[in-house]
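**Student:** If you scroll down you'll find the structure; I have some questions about it.
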């Protein structure tokens, strides 16, 4: 009697979602789509305002614009797949698509942590050392620290 070592590789995952309540999927699709459009519109307006208004070319607004861009990237990496899973009858995600989505989520989360720490430093300098703020957070000072962040 020969025992064979049988292994199966995982190629896709089954998304259960709201299988017990299929009528709610269309309602959730509309709600999530509306929230996604509000996110895109709100962050897009903030980015447009910080880029177009020369009075807002300061570190605080620069970081807020980058945070808005990062928020758009973060939601765009996951929401379209969620919306697609509500519409299609086959509710699966491939292993590679899952790995890419996980990587993007971790990368965006890490970038957001770095960006929020830079924003915290900016506000710390503005509140605790207001007279030194123009020197510490000059364009020559904050441009090199923003290079790891996108935008």
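Every residue, even glycine, has its Cβ placed from backbone N, Cα and C.
Since this is a predicted model, take the numbers as computed values, not measurements.
Sharing the record's features from Swiss-Prot:
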TOPO_DOM  1-27  topological domain 'Extracellular'
CARBOHYD  5  N-linked glycosylation site
TRANSMEM  28-48  transmembrane segment
TOPO_DOM  49-61  topological domain 'Cytoplasmic'
TRANSMEM  62-82  transmembrane segment
TOPO_DOM  83-100  topological domain 'Extracellular'
TRANSMEM  101-121  transmembrane segment
**Student:** Which residues, given as numbers and ranges, are at least 6 beyond the ends of the topological domain 'Cytoplasmic' (49-61) yet have a Cβ under 8 Å from it?
**Tutor:** 119, 122-123, 126, 137, 142
**Student:** What same-chain residues lie close to the topological domain 'Extracellular' (83-100): Cβ under 8 Å, and 6 or more beyond its ends?
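**Tutor:** For the topological domain 'Extracellular' (83-100), the nonlocal Cβ contacts are 10-17, 19, 25-26, 28-29, 32-33, 36.
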